[in-house]
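Trainee: Following this message is one structure expressed as structure tokens.
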Amino acid sequence: MPENRIMLDVLRGEARFPPPLWMMRQAGRYLPEYRETRKRAGSFLDLCYNPDLAVEVTLQPIERFGFDASILFSDILVVPHALGRDVRFEEGRGPLLTPITAAEISALNSETFHVNLEPVYETVRRLRAKLPDETTLIGFCGAPWTVATYMIAGHGTPDQAPARLFAYREPAAFQQLLKVLAIHSAAYLIRQIEAGADVVQIFDSWSGVLDDASFEAFCVAPVAEIVGKVRAVHPDVPIIGFPKGAGARYQTYREKTGVTGLGIDWTVPLDAAKALQAGGAVQGNLDPLRLVAGGTALSDGVDAILKALGDGPLIFNLGHGITPETPVAHVEAMVKQVRSATR
Ligand code: CP3
């Protein structure tokens, strides 16, 4: 592992100031150059599976802002797609899938899984070759629970009611679905690491809607399984878990899953985040809407995070993905403020 990737130092538990910096969804519609490439790509999934164009959009935010980390351009829903499910993205509507039935779960097709995902692995290989040496390359997958919510509902929902109901009504089929997703997500992350990813992140965007027992069974257990499988092959590769909305459960999530770093959303109080740093790096947690607003909303938010968490292992990031309406000038201002910060 190169010595000059400061994000890796932080993930080993060291403090760096100014902290390493990147943004979730940093390649995306707020960037004019992304919108230009997107027009050439055909569908969104065509873009994810086109190494030339996926490399191009992954590098755009690195070239513009010089972030410390680059996240592979892809989507969490390539996993169900590679397992044979119908997945589409429609302009303005987000992802649309054919809802899976209990009977269809055992018919999920693993045979061509890695063949289908080969363009993603090729993108990772080319990225590691092209990125500056000091830039950390992040691979990722969705956590089984979050991916399952889309597979069951067929689209995004505010409270994941279709998946919660399915889990209660069809517990055996639901457990089988989580199992299939955990096994394939682990294999997918291992291939990304072997193609050149330095770190992997597991996105559990909908972990905040579950009761205690369900959080344990649907979020913690499958992610612990993925972490165990990846560590068995690549013990030194840091794994970041991002259980968005986990609230009071962040601490136990880290302990029970064994993730190296913890992504925290913007609702996590900074004193609680400080306490979490005792167990390792935290990543976050600027409210993305402060970045949309700019001005003092932005500078005060950045300042508060740096003051509260800058002495410990911190990866500066947003508390969730950047939104398309964010002005590029506000991102520039944030980068400048973080980079020029002094203790
Ligand atoms: O962070 C990055 O820059 C890497 C790329 C990335 C995308 N999606 C690209 C994308 C990553 C890491 C994701 C993860 C993802 N995808 C998550 C987890 C993180 C989160 O946001 O909670 C989820 C839940 C998805 C599923 C998904 N993909 C949704 C709900 C949507 C629609 C919402 C939207 O912003 O349109 C997508 C589409 C998507 N994924 C876009 C991008 C750049 C926009 C589509 C487009 O460009 O037309």
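Backbone N, Cα and C define each Cβ position, glycine as well.
In TrEMBL, annotation is done automatically, which means it is predicted and not curated.
Per TrEMBL, the features are:
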BINDING   Arg25, Gln26, Ala27, Gly28, Arg29, Asp75, Tyr150, Ser205, His320  substrate binding site
DOMAIN    20-29  domain 'Uroporphyrinogen decarboxylase (URO-D)'
DOMAIN    138-154  domain 'Uroporphyrinogen decarboxylase (URO-D)'
SITE      Asp75  site 'Transition state stabilizer'
Trainee: Taking only the Cα atoms, work out how far His320 (substrate binding site) lies from Asp75 (site 'Transition state stabilizer'), in Å, as a whole number.
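Mentor: Between the Cα atoms of His320 (substrate binding site) and Asp75 (site 'Transition state stabilizer'), the distance comes to 15 Å.
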Trainee: Using other CB atoms within 10 angstroms as the count, which residue among the recorded positions Arg25, Ala27, Arg29, Asp75, His320 scores least?
Mentor: Arg29
Trainee: So which residues does the domain 'Uroporphyrinogen decarboxylase (URO-D)' (138-154) touch in its own chain, when a touch means Cβ under 8 Å and the partner is 6 or more beyond its ends?
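Mentor: Same-chain contacts beyond the flanks: 22, 69-72, 74, 76-77, 79-80, 85, 95-100, 124, 160, 162-163, 166, 174, 177-178, 181-182, 185, 188-189, 192-193, 195, 197-207, 210, 218-219, 222-223, 226, 240-241, 243.
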Trainee: Taking the Cβ of Tyr150 (substrate binding site) as the centre, how many other Cβ atoms fall within a 10 Å radius?
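Mentor: Other Cβ atoms within 10 Å of Tyr150 (substrate binding site): 28.
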Trainee: Just give the helix, strand and coil counts over the domain 'Uroporphyrinogen decarboxylase (URO-D)' (20-29), going by DSSP.
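Mentor: Breakdown, helix to coil: 0 helix, 1 strand, 9 coil.
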Trainee: Take the C-alpha atoms of Arg29 (substrate binding site) and Asp75 (site 'Transition state stabilizer') and report the distance between them in angstrom, rounded.
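Mentor: Computed Cα spacing between Arg29 (substrate binding site) and Asp75 (site 'Transition state stabilizer') is 14 Å.
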Trainee: For the domain 'Uroporphyrinogen decarboxylase (URO-D)' (138-154), provide the mean pLDDT of the predicted model.
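Mentor: Computed over the domain 'Uroporphyrinogen decarboxylase (URO-D)' (138-154), the mean pLDDT is 98 on the 0 to 100 scale.
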Trainee: Roughly how many Å separate the Cα of Arg25 (substrate binding site) from that of Asp75 (site 'Transition state stabilizer'), to the nearest whole number?
Mentor: 10
Trainee: Among Arg25, Gln26, Ala27, Gly28, Arg29, Asp75, Tyr150, Ser205, His320, listed as contacts of substrate, what is the widest Cα spread in Å, to the nearest whole number?
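Mentor: Among the residues the record ties to substrate, max Cα distance equals 22 Å.
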